[in-house]
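Asker: Questions regarding the structure given below will be posed in turn.
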Amino acid sequence: TLSAGLDLPGRFLFATLTLMTLIAILVFIEEAVYIYRKIPSSKRSIIIWINAAAPVISTTSCIGMWVPRSTMFTDFTAGIFFAIVIHKFLMMMIKECGGQKVLVRRFENGRFTISTGPCCCCCLCLPRVPITRKTLFWLQLGTFQFAVFRPVLIFLSIVLWTNGNYVLYNLSPKGPALWISCFIGALTLFALWAVAIMFRKVRILLKCKNIIPKFALYQFIVILNQLQTTIINIFATQKIIPCAPPLSSTARGSYIAQQLLIMEMFLITVISRIVYRRKYHDLEPPECAAEEPGDKKQPP
């Protein structure tokens, strides 16, 4: 551990970040109990999974901060959990619309716009796809493949790392780290693309359920956990982040990323409690929503 080599300000910083992690865990436990008691069973586990993303990332970052040699395992654990959360968020949007059958009936003549980010935001010539059970299956497969293949690739990386063949910061074409990272990046883009396609279609319908703030929190977790950490690691490998003995540039970059994630995930945990704790009414069935006001009056 690093605690023996810390000065007084360093120990105060570590203690503060650890306290923020513990508070985030307690806030999540309290929220999980509330969700378990108040939310219908069909949505309960999905919402708990999504709310657990920020506390889990904060916990893994805190462990990696205190035990530097566990950084690879903690980062991979957070990556596996986040891959599952992406699939759960897509399933939550489908559940909030009433399920697959109700969603297809509700958008019977609608179409998905697939020219959206992060894959095809510039391909405006792409056709719009009809909303059917088959297209919903392909969208779910887009996130499910990420939840399956990323843990497999991470397990392969750990096996190669224990054998000395996988070096996280060695991105040469001859090493496996570059190819595994590129493959995981492609899987990530496809999963985020599927979520974006679904969100673009249901954001107006689910506006009453605050789907836009929920999607914003989900996007913040994506950007902070993936993009921010990658940028900091690149700066560290290029020596832009200077070394500070006894920490090398890569070790110092890892500490900066972990400490930032703890503070950011703490804020997201608190905001998620506010957003998801509100009580939302279920949407009316498509038949009731399409019914004319005069049709409700029955003759005596």
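Note that Cβ sites are derived from N, Cα and C of the backbone, with glycine treated the same way.
Per TrEMBL, the features are:
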TRANSMEM  12-34  transmembrane segment
TRANSMEM  46-67  transmembrane segment
TRANSMEM  73-91  transmembrane segment
TRANSMEM  136-158  transmembrane segment
TRANSMEM  178-199  transmembrane segment
TRANSMEM  211-236  transmembrane segment
TRANSMEM  256-276  transmembrane segment
Asker: Considering only Cβ pairs within less than 8 angstroms, which of the stretches 12-34, 46-67, 73-91, 211-236, 256-276 has the most against the transmembrane segment (136-158)?
Answerer: 73-91
Asker: Relative to the transmembrane segment (256-276), which of 12-34, 46-67, 73-91, 178-199, 211-236 accounts for the most Cβ pairs at distances under 8 Å?
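Answerer: The stretch with the most contacts is 46-67.
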Asker: If we skip the immediate neighbours and take only residues 6+ beyond the ends of the transmembrane segment (12-34), which ones have a Cβ under 8 Å from one of its Cβ atoms?
Answerer: 3, 6, 48, 51-52, 54-55, 58-59, 61-62, 65-66, 259, 262-263, 265-266, 269-270, 272-273, 276-277
Asker: Which residues of the chain, 6 or more past the ends of the transmembrane segment (178-199), have a CB below 8 A from one of its CBs?
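Answerer: Non-local partners: 83, 86-87, 89-90, 93-94, 112-114, 116-120, 138-140, 142-143, 145-147, 149-150, 153, 156-157, 166, 171-172, 211, 215, 218, 222, 226.
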Asker: Using a Cβ cut-off under 8 Å, which residues of the same chain at least 6 positions beyond either end of the transmembrane segment (211-236) come close to it?
Answerer: 50, 53-54, 57, 75, 78, 82, 85-86, 89, 93, 96, 169, 188, 192, 195, 199, 202-203, 249-250, 252-254, 256-257, 260-261, 264-265, 268, 271-272, 275-276
